[in-house]
Amino acid sequence: MSLSQIGFLVPLNRNLEEDTSTPKLPISTGANVIGRNSISVSDKRLSRKHLTLIASGNGFVDAVVVGTNPVVVASGNQRKKLRTGEKAVITNDDIIELIPGHYFFKYVTVAGKKCEKKGNSMDAQNMESNEVSLSRKRMRQVSEDEAFARKLQAEMENDALVQERSLVTGKSGYSQASTASIPSSHMNSEAIRHFSIPKDNLPLTYRLLRVKDLPAWANTSSVSIRDVIQGDVLIAVLSNYMVDIDWLLSSCPTLAKIPHVLVIHGEGDGTLDHMKKKKPPNWILHKPPLPISFGTHHSKAMLLVYPRGVRIIVHTANLIYVDWNNKSQGLWMQDFPWKVQKELSKGCAFENDLIDYLSVLKWPEFTTNLPALGSFNINSSFFKKFDYSNAVVRLIASVPGYHTGSNLKKWGHMKLCSVLQECIFDKEFQKSPLAYQFSSLGSLDEKWMTELASSMSSGSCDDKTPLGLGKPLIIWPTVEDVRCSLEGYAAGNAIPSPQKNVEKEFLNKYWAKWKATHTGRCRAMPHIKTYTRYNGQNLAWFLLTSANLSKAAWGALQKNNSQLMIRSYELGVLFLPSPINRGQGFSCTDNGSPSKNKCGLSEDTKSQRTKLVTLTWEGNRSSDSSSEVIALPVPYELPPKQYSSEDVPWSWDRRYYKKDVCGQAWPRHVQLYSSPDS
């Protein structure tokens, strides 16, 4: 043995036992480079030169991260995540995770080279003491599906069956012949890594919100609140349910500079009193009327007025820290220019739906002078001044009330039904299944589930035959999903469904698993709400919305189906296979002259329409010249896997004694407002 060798990195399995199938890595004095090549894995989250260990003769080693993804060092009762450029001192028996939750190694010194800690060196480096005793638990709780997907991907790469290609270009490294027996959910375990959207096409899809503790690849094309509220905003209308005004102002300082901000909320009196004390003087707070008991203002949207136009944003996150940092969430936005004078009276379906919805909110009208534009009364009619002719989605809203006559199909699931009835879908979607994914389950019955499925199964094929009733599945986290999530049981606060709603026997046939390996969000619990009709990785339509699965949100038919009763305000955007519109690239924040943004198609694209697919779709984009493929970042896998006999759906009012990743049982009080770092 060379005298310069001072120790080994001993490979461990997930139970932190030595993995004898993998060779030890010798550590010598000087610089030792550890990475993808040295441990013979194909996982590209691991850089070729990922970690440098600088060893001294006394057994101490300085660990410096040089790769793009973090490394975790567990030392005794302390654990620390190191990012690029950060370093820590490691000594005998310290454990290294080259990727958090993956590739475990124990540093062991050779005989005669034992070293001792110098004081509290790890404390001095601000170890994350709140996770101290939990590192081993975290390691054991890595998703089996993720492990399988990574194993499969490595095998496919080693067999030269896969090539890393962008979904945006439509090139696929998988041949139909070689992958016929492989589930599509395992075709690319990090599919979101390839999700890249040209700026002009942003409105054609939506994006996931950034999750703080995920690796960089999982946050590809994701957004934060600062990414959407930016530029020279003249007026901001923020619609939401929960609003933490302290977090909002600190996380998005631009808001404090906007001349007029209207916050439409659903908060109770206690929080409202705090908001009134903390709000800037130019802010207006408004809670819309709730004429029917047990209703809420639940819509999550932003309307930002610029000198060049208006930005419409529909999303799924409350305006609180945990929703914008720890959860799986979605956000859609599109910019629209001011109308020219001669087109002020022209409208379109998107405009009509938007104005109808805004008019019901009854916010206090105010007057403002917009530089170079003039004086305006800011009410719902003000938003008729923008040209929505290039909108690429339909709005699906709910408002409280007993809706009859011409209003019966204006809101809730009846609105969705009426829009789908106007659409022609491919034959492959006849009798195809439905997926319901949301974060709160109401008190349901089988009659209403059939009512909702009937609306969501609307539409017909080219030959005028109806699509037929689709079988729905409910994608819902299990108790284990919540316990092992990034937040542990605390994530269950945002999945607030009681046991009496969840454990109804008739629901057993609907339960399906939350599996999000391809977007890296298995452990980022869903607050996003989505509904879709699918066939494999092809989507007939897709709805991103604030509406949970409840009668209060979607409405329930009454009086022999002549009346729809809705309790709450909700808002969503519906993606459809629609004619391609090349004018959607207008931006309120780009420099230069405004785009013409005119309605209509060029001669060569009149016959084209969008084809909606998931990120793991493996078709050939060039095989069908009549459609343009649009990938939507559906965060969970399709088709969903139904619960096994071992799976228990999460309900937040049960007691759970098995400790979570934070060492906690349930219930426990968790503060939803403001950053835990503050």
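Just so you know, glycine gets a Cβ as well, placed from its N, Cα and C.
Record features (TrEMBL):
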| type | residues | note |
| --- | --- | --- |
| ACT_SITE | HIS298 | active site, nucleophile |
| BINDING | LYS300, LYS529 | substrate binding site |
| ACT_SITE | HIS527 | active site, proton donor/acceptor |
| SITE | SER550 | site 'Interaction with DNA' |
At the Cα level, what's the spacing in Å between LYS529 (substrate binding site) and SER550 (site 'Interaction with DNA'), rounded?
12
SER550 (site 'Interaction with DNA'): which of the recorded positions HIS298, LYS300, HIS527 is the nearest Cα neighbour?
HIS298
Give me the non-local Cβ neighbours of LYS300 (substrate binding site): same chain, 6+ apart in sequence, Cβ-Cβ under 8 Å, ordered along the sequence.
SER239, ASN240, TYR241, VAL314, HIS315, THR316, ALA317, ASN318, SER546, LEU571
Cβ contacts of HIS298 (active site, nucleophile) (under 8 Å, same chain, 6 or more positions away):
TYR241, GLY266, SER546, ALA547, ALA553, SER568, TYR569, GLU570
For HIS527 (active site, proton donor/acceptor): intrachain residues, at least 6 apart, with Cβ closer than 8 Å:
THR316, ALA317, ASN318, ASP323, LYS327, SER328, GLN329, SER439, ALA494, ILE495
For SER550 (site 'Interaction with DNA'), just count the other CB atoms lying within 10 A of its CB, please.
23
